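Participant: The feature transmembrane segment is assigned by TrEMBL to A:90-114, A:135-163, A:280-298, A:327-351, A:363-386, A:450-480, A:501-525, A:531-552. What TrEMBL records for A:696-754 is domain 'CBS'.
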Protein chains: 2
Amino acid sequence: MANITKKVSWSSRADELGAAGEGTPLLNGSEQSRAFREVRLLQWLTVSMPAVSSLCCRTESFLDYDNIENQLFLEEERRMSHMSFRCLEISRWVICGLIGILTGLIACCIDIIVEKLAGFKYQVVKENIEKFTEVGGLSVSLLLWAVLNSAIVMLGALMVSFIEPVAAGSGIPQIKCYLNGVKVPRVVRLKTLMVKVFGVICSVVGGLAVGKEGPMIHSGSVVAAGVSQGRSTSLKKDFKIFEYFRRDTEKRDFVSAGAAAGVSAAFGAPVGKNTTTHKFFASMISTFTLNFFLSIYHNNPGDLSNPGLINFGRFENDSVAYYLYEIPLFIAMGAIGGLLGALFNYLNYWLTIFRIRYVHRPYLQVMEAMLVAAVTATVSFTMIYFSTDCQPLDPEHSEEYPLQLFCADGEYNSMATAFFNTPERSVRSLFHNQPGTYNPLTLGLFTLTYFFLACWTYGLAVSAGVFIPSLLIGAAWGRLCGILLATTTDNGSIWADPGKYALIGAAAQLGGIVRMTLSLTVIMVEATGNVTYGLPIMLVLMTAKIVGDYFVEGLYDVHIKLQSVPFLHWEAPATSHWLTAREVMSSPVTCLSRIEKVGTIVDILSNTSTNHNGFPVVVQVTGNEEPAKLCGLILRSQLIVLLKHKVFVELARSRLTQRKLLLKDFRDAYPRFPPIQSIHVSQDERECMMDLTEFMNATPYTVPQDTSLPRVFKLFRALGLRHLVVVDDENRVIGLVTRKDLARYHMGKHGLEELHLAQT
Amino acid sequence: MANITKKVSWSSRADELGAAGEGTPLLNGSEQSRAFREVRLLQWLTVSMPAVSSLCCRTESFLDYDNIENQLFLEEERRMSHMSFRCLEISRWVICGLIGILTGLIACCIDIIVEKLAGFKYQVVKENIEKFTEVGGLSVSLLLWAVLNSAIVMLGALMVSFIEPVAAGSGIPQIKCYLNGVKVPRVVRLKTLMVKVFGVICSVVGGLAVGKEGPMIHSGSVVAAGVSQGRSTSLKKDFKIFEYFRRDTEKRDFVSAGAAAGVSAAFGAPVGKNTTTHKFFASMISTFTLNFFLSIYHNNPGDLSNPGLINFGRFENDSVAYYLYEIPLFIAMGAIGGLLGALFNYLNYWLTIFRIRYVHRPYLQVMEAMLVAAVTATVSFTMIYFSTDCQPLDPEHSEEYPLQLFCADGEYNSMATAFFNTPERSVRSLFHNQPGTYNPLTLGLFTLTYFFLACWTYGLAVSAGVFIPSLLIGAAWGRLCGILLATTTDNGSIWADPGKYALIGAAAQLGGIVRMTLSLTVIMVEATGNVTYGLPIMLVLMTAKIVGDYFVEGLYDVHIKLQSVPFLHWEAPATSHWLTAREVMSSPVTCLSRIEKVGTIVDILSNTSTNHNGFPVVVQVTGNEEPAKLCGLILRSQLIVLLKHKVFVELARSRLTQRKLLLKDFRDAYPRFPPIQSIHVSQDERECMMDLTEFMNATPYTVPQDTSLPRVFKLFRALGLRHLVVVDDENRVIGLVTRKDLARYHMGKHGLEELHLAQT
């Protein structure tokens with residue numbers, strides 16, 4: 001997440017970070033907001049800071065989810081028969097199927113490799129510990145463990161830092177931005193996928209406090225972006241298929257299906273606000289593929305009864321699941337989750353700022369990752385070493401690697417089940433182990449240490465998710481709550497199941513950190529195979545969100561905001577009706593004439609200070625910025641293709657045989673349009689004219705200047721717009737609303753606030 | 001569904017029905033389409049037919065899901081503080097909670113009453129049968145059974161036919177239309193809810209081949225519409241709360257949440273394409289309330305482990321759920337389901353036309369319902385009587401009312417488990433009874449008879465759903481398939497579980513009839529408590545849909561189409577890019593001046609031949625239909641309120657103290673705006689002027705005339721529009737696109753077809 005590359009940002013980093021926190025309370029300016037105080041500190045922190053982050057880029061920063069309906073497009077659509085549309089529809093299903101299969105396979109590979117390698121590592125360390133427990137000198141074991149972890153993590157961190165920094169973290173914020181319409185550079189490339197898969201294996205095997213689930217969502221998205229385009233630019237291989245889908249609108253839909261397939265592979269649950277049949281299909285296929293190959297791997301071919309990657313085991317309640325009077329307790333736990341989550345996010349926020357400031361060179365990032373790996377091993381070892389919580393070794397115990405250590409024969413160290421294990425297994429133990437398996441002190445210490453370890457880990461230059469660590473922290477203190485309740489009340493029997501409280505605690509903690517409600521409910525219900533806990537889990541998640549939101553945003557949003565990405569939420573801020581298009585729009589607008597001089601176009605595109613991406617086309621540009629009648633809208637990318645193919649009026653006249661530009665030419669250039677600097681235009685050519693009529697979108701959406709902000713916002717979000725032309729009552733262009741103009745406004749504690757987003 | 005009332009329709013019934021089938025293939029006119037032949041027959045059928053249906057109404061036929069952002073509204077929004085918006089948000093949660101609680105309570109009541117009454121009825125009949133089995137004269141039992149059923153069904157049918165015909169059927173098509181933006185009269189009224197609840201109890205207890213699940217969706221919607229408005233117009237009670245929500249946009253959101261709560265109460269599963277957190281919350285609360293009260297009823301208070309109304313029992317697979325090679329079989333079953341579903345819909349389509357033609361008087365409808373009830377009892381009795389399928393009475397059998405009849409002691413009649421039971425119980429038996437419980441002949445005969453009974457029943461003037469009967473038919477032939485597979489293959493053991501095939505068959509049949517995929521998968525997975533069958537169920541549902549769609553539309557769509565409701569699908573027909581706004585729009589448009597003469601307005605509103613609902617406001621109406629500059633849009637309902645309050649320029653001048661019209665006045669009139677005929681305007685007043693500036697929406701969405709149909713469509717659907725003004729390049733009004741203009745176009749077998757929808 002916090003990778004620093006050496007690109008130039010939208011703005012100098014100082015502005016960016018300063019701006020992220022700076023809220024100018026528009027409605028209630030009486031008190032100095034807390035955010036404002038932070039800003040001072042941030043500005044101090046960020047003086048002369050190296051620019052940029054993994055979420056930003058300079059050119060073509062946004063995606064256009066509104067179809068470019070120009071003449072070429074309409075002609076193609078009109079030529080297409082009923083049959084062609086059927087074929088397209090079939091292609092969509094095929095692509096979704098492929099996405100599902102590949103995503104499932106990737107999940108399967110990750111799962112098997114992690115299991116093998118982690119098993120091998122734990123076996124080696126366990127044997128070593130057992131050897132030295134008898135003869136003394138356990139520090140050798142600690143060293144072995146720490147070095148092993150550091151070495152493995154180093155591999156992953158090297159890949160991420162030096163090869164593809166955008167593969168760091170879970171990738172969820174990046175995909176969230178992508179689907180929102182912000183183009184994160186290189187986020188859906190093949191190389192990113194490779195690094196991600198390798199990186200996540202290293203992080204999990206390296207014993208970091210991370211999960212492998214979040215990255216699956218990113219992986220699924222990359223797969224989708226690749227498959228749906230029918231080519232790989234990295235491999236320079238074009239299969240000449242699915243060419244119709246080479247535009248932002250279609251690609252977005254597939255990426256969204258890929259993300260769903262990733263979620264499904266990870267959690268066995270198809271979730272999402274806007275589930276379509278295509279997405280659902282991709283999800284189903286992905287779970288199916290994963291299960292199918294895992295069943296073969298487990299020598300039980302054809303048995304398809306396992307859900308996704310994580311499976312916390314089914315909560316079976318033949319009798320009573322929970323009582324009505326437990327609900328207030330659950331809600332209280334939700335509040336604790338919200339508080340702890342807010343603390344987590346707050347600490348991580350500061351840590352990220354620190355990282356941006358001081359740990360921005362790749363080699364430093366690798367060293368930090370190795371340090372964290374070593375510290376994690378050391379802390380774990382110390383905790384296990386000093387723990388006196390011995391439990392009898394159940395013949396049918398679920399521990400894979402029980403550590404006897406200083407326990408009596410036939411007993412094992414309970415702290416080790418939490419630390420000396422992959423986090424998934426630890427969660428499962430906390431949910432399902434018999435009451436009495438853990439003593440309260442073990443759980444308390446574990447919660448404390450793991451909380452800080454996980455917080456430190458998130459944001460390292462390694463591929464890793466935060467879901468499982470959050471669940472683990474929550475499960476630990478949740479189980480602790482359950483045990484304390486059972487001991488402090490007279491009627492201990494009804495609190496008999498601390499596993500139930502572990503589940504609620506896990507939900508509360510995860511909700512407190514990532515602040516989702518709907519999707520998490522589905523995921524938790526799915527991962528536990530029991531719909532009975534649906535309502536309590538939802539209540540807990542909602543409480544955690546409300547409590548947490550009071551202090552600080554969700555972890556993903558914190559990171560998105562730190563990058564000052566112009567992220568658009570679903571709805572306009574509530575109190576923004578008094579703003580109109582006239583006030584939010586950018587003005588004056590650079591307009592082009594329908595038939596424009598090549599030189600003018602080149603100059604406009606080369607102007608790095610404005611760097612606009614969409615240009616209203618007007619009947620005739622008048623001098624001195626008088627508004628002129630709108631007749632279309634054209635994008636930078638289209639102009640670039642036109643310039644590249646030298647579609648000039650004069651040339652068309654002289655060379656009569658010149659091939660007419662086809663939609664295919666635009667599709668071939670998509671999505672990596674060359675920069676304007678790479679296109680050579682001679683001095684003679686600068687005097688030529690370009691006729692934009694055929695290429696511009698002749699019917700762009702427009703709004704009158706008095707339109708209220710929520711109305712503009714609704715249009716933007718509902719249609720996935722990138723530019724919205726503001727016209728006066730004679731249809732003359734007087735402004736252009738872009739995504740940034742809208743993303744500036746957001747609800748703060750004291751009403752509407754205006755952020756100073758970095759300029760394009 | 002097919003109730004005929006004596007209202008005047010949008011058009012004469014002959015046109016309407018004729019139009020429903022009449023497709024003019026626009027792209028491929030070479031061959032006479034099948035639809036066209038049907039039309040001839042329809043026209044013959046429908047000559048001089050009494051008008052109307054339960055889905056149509058005359059005035060205000062549509063809902064406006066785009067906010068009317070006039071000056072009043074904006075001023076109110078701008079006055080509202082940050083705090084007020086918080087309160088509104090809290091109100092939304094409270095309303096959703098209330099919706100959930102009330103919906104859950106209704107479901108609970110229906111469930112308990114049905115269980116009690118049906119239990120009582122079956123007990124009486126069982127005792128009677130047992131008595132007469134020994135002494136002979138079983139025809140008395142038959143008579144008793146048939147008379148009981150008819151009498152109970154008669155009560156329900158009387159209520160529905162005479163009191164509230166819109167309560168007939170499942171209500172799903174009506175709610176689908178409502179959420180789509182078509183106003184179905186009286187569909188969300190308290191009276192409708194009462195009749196619905198009473199009606200559904202009667203239908204189920206009366207032994208019809210119906211379910212009580214579909215109507216829950218309607219009930220939930222009515223509850224939502226009532227609660228969210230904070231008043232009941234029927235009861236003339238206004239609680240003066242939630243006044244902010246008295247407009248179409250907000251009400252729609254709540255109705256949608258209510259529908260979700262209904263689904264959740266019925267199936268224990270929150271489903272839907274666009275699930276929001278609010279909807280999810282309402283669903284959760286509804287399931288919770290239902291379970292809570294049912295647990296009290298079952299003397300197990302606090303046990304909250306039951307999902308919704310239907311619960312088909314969990315499919316437990318400790319070992320293998322299904323094998324890969326079974327998937328082709330499942331898909332084949334999906335195809336069978338699609339075929340049978342198409343047959344069902346086709347038969348029901350003709351039956352509905354027959355009903356519209358001949359069974360349109362309430363007393364005839366009641367008699368038909370009674371006849372169906374009697375026939376159902378007779379057929380059931382005959383089938384049981386002649387069945388020789390005796391099964392040993394398992395001590396832990398799940399049959400509530402085992403009928404011994406002519407079986408040996410300690411045995412029971414297997415056919416009776418299917419017929420002599422509520423359909424829910426029968427489905428559960430088919431899913432879970434041990435292999436060998438049913439012999440193939442029993443299942444075959446049952447499928448055959450129940451298929452026709454269910455088909456005859458759907459569309460009767462009773463409140464009833466089609467979900468459970470469809471599942472039952474499918475479960476029967478699915479189980480039959482399972483048994484046949486087991487007997488015809490050598491390795492019978494792997495096909496050991498006919499219950500699995502019953503599940504797949506049930507999914508296939510339901511999918512073949514209603515043609516949903518996503519929601520049904522979730523519902524089926526939820527009702528069986530096992531996510532393992534997710535993929536096969538989805539494949540089956542998709543196959544059923546593809547196969548079924550080849551022949552005829554889904555049952556709900558068939559009924560919606562028979563009413564020629566201008567229903568807008570999610571996307572524009574694929575091959576419609578060659579149509580532009582200019583071609584689809586209505587033109588010329590009746591425009592109003594910003595300051596308009598009262599007489600003109602009254603005349604325009606009273607003009608029954610046009611009966612427009614939205615009027616572009618222009619700077620100044622020029623004579624002879626010259627286009628004038630657009631400056632706003634005003635609705636019929638707003639004009640009516642203005643006329644009623646006599647907001648005339650002259651009066652405002654003379655009576656200086658006249659109260660300024662507030663948003664509240666519009667909200668008080670919502671949603672039952674008086675007709676223009678009820679508003680008295682004197683001859684003097686006709687000469688007054690009205691200033692519309694404050695009340696019109698000053699920033700209506702517009703499109704240029706060259707905008708392609710898919711683009712217009714997207715705007716319409718994404719924003720929930722009812723009117724879209726088409727302007728030329730000088731912002732002058734040249735046309736108006738309404739919902740009907742778009743709904744005309746649809747994809748037929750031979751490409752784009754234009755329907756002749758009834759005129760407003």
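For all residues, glycine too, the Cβ spot is worked out from N, Cα and C.
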Participant: For the domain 'CBS' (A:696-754), give the DSSP counts of helix residues, strand residues and coil residues.
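Facilitator: Final tally across the stretch: 16 helix, 25 strand, 18 coil.
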Participant: For the transmembrane segment (A:280-298), which recorded stretch in the set A:90-114, A:363-386, A:450-480, A:531-552 gives the largest number of Cβ pairs separated by under 8 Å?
Facilitator: A:90-114
Participant: Quickly jot the same-chain residues contacting the transmembrane segment (A:90-114) by Cβ under 8 Å, restricted to those at least six beyond its ends, or write none.
Facilitator: 193, 197, 200-201, 204-205, 212, 216, 219-220, 223-224, 227-228, 241-242, 244-245, 254, 257-258, 261-262, 264-266, 278-279, 281-290, 292-294, 297, 308-309, 422
Participant: Counting Cβ pairs under 8 Å to the transmembrane segment (A:363-386), which of A:327-351, A:450-480, A:531-552 comes out on top?
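Facilitator: Checked against A:327-351, A:450-480, A:531-552; highest Cβ contact count belongs to A:450-480.
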Participant: Take every residue in the domain 'CBS' (A:696-754), average their pLDDT values, and give the whole-number result.
Facilitator: 85
